[in-house]
Amino acid sequence: MKLLQNIPPYLFFTGKGGVGKTSISCATAIHLAEQGKRVLLVSTDPASNVGQVFDLAIGNTIRPVTAVPGLSALEIDPQEAARQYRARIVDPIKGLLPDDVVNSISEQLSGACTTEIAAFDEFTGLLTDASLLTRFDHIIFDTAPTGHTIRLLQLPGAWSSFIESNPDGASCLGPMAGLEKQREQYAHAVEALSDPERTRLVLVARLQNSTLQEVARTHEELAEIGLKNQYLVINGVLPEAEAEHDALAAAIWQREQEALANLPAGLSELPTDTLLLQPVNMVGVSALKGLLATRSEALPLPVTNILYTPENLSLSGLVDDIARSEHGLIMLMGKGGVGKTTMAAAIAVRLADMGFDVHLTTSDPAAHLSTTLNGSLKNLQVSRINPHDETERYRQHVLETKGRDLDEAGKRLLEEDLRSPCTEEIAVFQAFSRVIREAGKRFVVMDTAPTGHTLLLLDATGAYHREIAKKMGSKGHFTTPMMQLQDPDRTKVLLVTLPETTPVLEAANLQADLERAGIHPWGWIINNSLSIADTRSPLLCQRAQQELPQIEAVKNQHADRIALVPVLASEPAGIEKLRELMS
């Protein structure tokens with residue numbers, strides 16, 4: 001494999017959720033450890049599952065992976081990092097300043113952007129700790145899905161320039177002291193990321209057009225900010241031998257080969273490896289060792305036709321239940337890459353076909369909704385909350401209102417404050433709350449961003465709710481977006497997942513997070529299931545067999561109601577293909 005040749009000290013894996021970054025980064029770490037290298041595997045993903053892959057509680061201190069001599073691992077927990085970050089700033093001023101001032105500073109440091117910057121603080125510490133490179137030959141980062149990774153990797157430049165030019169900033173991060181000390185570290189982190197002798201970036205993708213387009217955007221964006229040493233790994237490719245068995249396998253193989261032959265510009269020039277689809281899920285050291293191994297394409301697997309025949313678990317049945325309320329907010333949540341965009345579009349089309357007025361909207365940074373829905377339908381409105389546009393609109397609004405009575409120095413200070421990366425979080429949230437107000441009169445179907453973003457969005461919603469409640473006190477009736485999200489008569493949250501171990505685990509974790517926020521998911525959609533797709537391919541049958549325990553777990557342990565959606569022979573783009581998902 002090209003990926004495994006002349007590996008520099010730092011290796012980053014990035015890509016959409018569900019493409020196999022964790023599996024490949026873990027397999028690479030095992031490979032290097034078996035070559036006698038000392039390896040540290042670091043996860044900075046809010047939806048981290050490295051511990052689950054190795055069946056080991058890892059946590060945020062370096063610990064050896066007992067099953068693999070030479071390998072150690074570390075997980076950065078963003079929430080814990082934020083707590084420690086707050087304590088570092090707030091503890092020294094307790095008792096020195098009035099309680100209300102201390103509480104105000106603590107509150108300023110409780111938002112989503114603090115969590116992100118705190119996790120990044122730890123990330124920077126690892127990149128700039130010279131002693132780590134005396135203990136380890138390689139440090140491998142299993143980073144978060146694409147949108148989050150881009151923001152994470154853009155932060156060092158954004159924050160170091162912001163701190164440089166804004167020593168007295170009124171940023172929502174509160175006092176800049178917590179960052180001021182690390183200014184040099186941020187600069188060194190940027191330097192390390194941009195140095196091809198020290199850092200290699202591995203883009204991980206599956207052979208699906210939307211995934212490849214997203215990876216191409218990531219490639220361009222990261223190359224622009226200096227990360228030019230990039231490799232591409234295409235994971236989960238169906239072996240040609242499987243295409244002989246039936247129409248579905250042949251269609252999947254054909255579709256993947258066409259995608260491989262027509263890689264987006266930029267990707268085709270990168271050093272590229274392809275990994276074949278595995279018959280088992282990548283959990284445990286022995287399975288991971290097989291992932292990078294060279295082997296024959298033809299798998300001697302038993303030919304059994306697995307067809308899951310449960311009671312009515314169709315997507316159309318789920319939508320018919322939703323339609324009874326005649327209006328409301330439908331939010332699809334889940335990890336990136338599970339098909340939220342497609343499911344949201346299919347649900348919106350079904351409701352519009354039933355005669356309802358529907359507004360379909362997305363805040364997904366990848367924004368491939370327009371690709372999925374290329375055709376128009378009466379009584380269906382499609383819109384996108386564009387993070388860049390919303391941020392600009394928000395900045396202008398703040399400058400025109402808060403900035404109206406400021407002198408020139410004050411205006412300059414406010415402008416600088418609005419250049420803080422956390423401004424985008426606030427702007428996107430405001431746009432989101434504008435859209436959900438419409439749900440009293442029609443159906444609003446919202447395709448939310450991948451897991452990490454979704455949790456940040458909900459955190460912002462909760463902070464807004466607390467602010468309104470504080471201002472209103474006990475007087476009067478009021479409704480905040482958070483109250484609407486918590487009301488099952490007005491909001492139906494659907495969790496979308498895939499019938500695989502890790503996606504189900506992550507969706508269950510997301511459900512637990514939602515329930516802590518007082519939101520109980522109305523149902524689950526299990527997408528891309530082979531177990532209800534009629535196939536005689538030995539490999540696909542083996543994969544279908546692997547799905548059954550996961551489907552049963554969702555049904556019996558997690559969900560009030562579920563829908564099962566099969567793998568289709570062609571990608572569901574366009575209205576007719578979306579209608580097929582309902583049959």
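Cβ atoms are placed via backbone N, Cα and C, with glycine included.
Listed features, source Swiss-Prot:
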type	residues	note
BINDING	15-22, 334-341	ATP binding site
Cβ neighbours of Lys340 (ATP binding site) where a neighbour is any other Cβ within 10 Å: 29
Val19 (ATP binding site) - helix vs strand vs coil (DSSP): coil
Residues satisfying Cβ distance under 8 Å from Lys21 (ATP binding site), sequence separation of at least 6: Phe13, Thr14, Gly15, Asp142, Thr143, Val204
Under 8 Å by Cβ from Val19 (ATP binding site), same chain, sequence gap 6 or more: Val204, Ala205, Arg206, Thr211, Asn235, Gly236, Gly337
